[in-house]
């Protein structure tokens, strides 16, 4: 199976590292021989339909920051042109996220479908903005479109609801889908510190971004619950439809008061066939939703299986690559049959 | 898809109720038209290859305790003969568990494979005693053999590790796989009561069985980790290989002492490619493994996805039926391709 990797930042590098690490395992266990036919970044691309040397690609990127410097096979070709002209089965789309327009990732995906390539994506932006358009394009061309990595990183959510819990109607999903805000609230509670102090510390540790707006405003969580609403509940909504409140107004005093009644405060995203909400909520301290630090958690309320809760690492390069690999394996098994 | 239901106790009834409840959903969403061609219990069977009336079957069982009383289509045929002679695609095996010999369920499954029928089972006994023999029989006949319901009830464990986390090497699984012991320890901790008092109360509430030996000795958990060892770690072990200790010697004082150091005590099953252990362990109170009451929990330590934790209801008729249904849907999709 040949793939085109679009985007060569932290996640893209994680994908190559994971493929490198697991290539023997994938061959042996699934009969899946993954070759990377092209890698694209802002500078251009490296192309070899026989399969690029992944360690060399990582080295070139590390040393020169530009994949177009890949010896002999590097070029300045435009990403859309690479997707169109390179012979491959799957486009793995991990370019930068824009949760307002979804671009340019959305155009990459549409181009992939147009040229008969399956798509695996970790990109919240286009999924939150143009879910229906993308799914329709995939269906029209009878192609697979998988995006487990877009919500909750390594934590299985979308495939869990659609496949592992097949037969169940999922009535509600709620949880903590952003590790940065969970880290901040956990730290404020444990050490009785105020929001600004903890945010600054999280930024110094690299847990919060220099511009933390998307995380602390709840926008990042909102994008994720929009994806769950569209993919699991069959809705057709965007971020504008989310009832949204962030964590910037939570005080250490509020956390103390919550504790006194056996609760804590978490930024909870919640979605049903009617509800679409992100806001700080009281959570009982002995609830499975009360997970600490950077962990993510999702609770599925189902008609047969009762409540199922899954907890995992919501971010990280190799962790996100894990979800992308499981999507690639699934596509391989679907094509094979 | 035609099924033969072997075993018509609490789980068997749950399976029929779930099929009844979801039959429209299964047709619409998966194109799966489930017909029950035969139902067996100790008294005999009801057989109709065009599909039995499930509500009538439940009513007959409720009122007379014998499925052989099913009007016109009831008979005293032996279960092995039913499996052999009735034309069906899948045997759903939910007869009583014997974790020493695995019988008679094991013979039912072997007969199913011999007569070219797929098997879905919720039965720990034969899986813990004769895993390799059963898997080999299924493979030899190119048939599906699925048993998600045998570990953790509705909580996805086996399919999660094998499918949802595909691409990962699972290095370790540990967790609470028995709701009764978790209920007892939770109650002892919260109310400072001793083991015998809480056990008696749990028996009165129907949470613990009249003969609670298998639960409190850890044998039930041991059977489950043997299934995980064989199915996920590719080992060939039985209950005798488990390093086993139950919860009968835990005191309220031990729980108080654990609490003082920020811990609680849980009956933890743990399996790796070398380890196979069930014993009470200290668990940090803020660990995702610290779940309360009758809940089950499993933590997967993986090479790419980091730690993934799943929490759910480990028992119950409809909950167990949910896992059986997801296995049936998967077999339907495999056959279809």
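Note: Cβ is positioned from N, Cα and C throughout, glycine not excepted.
Automatic prediction, not curation, is the source of TrEMBL annotations.
If you check TrEMBL, you get these features:
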- A:7, A:8, A:9, A:10, A:11, A:12: NADP(+) binding site (BINDING)
- A:7-147: domain 'Aspartate/homoserine dehydrogenase NAD-binding' (DOMAIN)
- A:124: NADPH binding site (BINDING)
- A:156-329: domain 'Homoserine dehydrogenase catalytic' (DOMAIN)
- A:209: L-homoserine binding site (BINDING)
- A:224: active site, proton donor (ACT_SITE)
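A map of TrEMBL features onto the structure.
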| residue | record | contacts (Cβ under 8 Å, 6+ apart) |
| --- | --- | --- |
| A:7 | NADP(+) binding site | A:40, A:41, A:93, A:94, A:95, A:96, A:105 |
| A:8 | NADP(+) binding site | A:39, A:40, A:41, A:61, A:67 |
| A:9 | NADP(+) binding site | A:41, A:94, A:95, A:96 |
| A:10 | NADP(+) binding site | A:317 |
| A:11 | NADP(+) binding site | A:94, A:122, A:149, A:317, A:320, A:321 |
| A:12 | NADP(+) binding site | A:5, A:6, A:39, A:41, A:94 |
| A:124 | NADPH binding site | A:97, A:99, A:150, A:151, A:220, A:223, A:224, A:227 |
| A:209 | L-homoserine binding site | A:180, A:203, A:215 |
What is the three-state DSSP composition of the domain 'Aspartate/homoserine dehydrogenase NAD-binding' (A:7-147), stated as helix, strand and coil residue counts? 69 helix, 23 strand, 49 coil
Using the recorded NADP(+) site (A:7, A:8, A:9, A:10, A:11, A:12) as reference, state which further residues of the same chain have their Cβ within 8 Å of the centre of those residues' Cβ atoms, listed in sequence order. A:13, A:14, A:15, A:41, A:94, A:95
Around the C-beta of residue A:224 (active site, proton donor), how many further C-beta atoms are within 10 angstroms, looking at every protein chain? 26
DSSP three-state assignment for residue A:209 (L-homoserine binding site): coil
Average pLDDT across the domain 'Homoserine dehydrogenase catalytic' (A:156-329), rounded to a whole number: 94
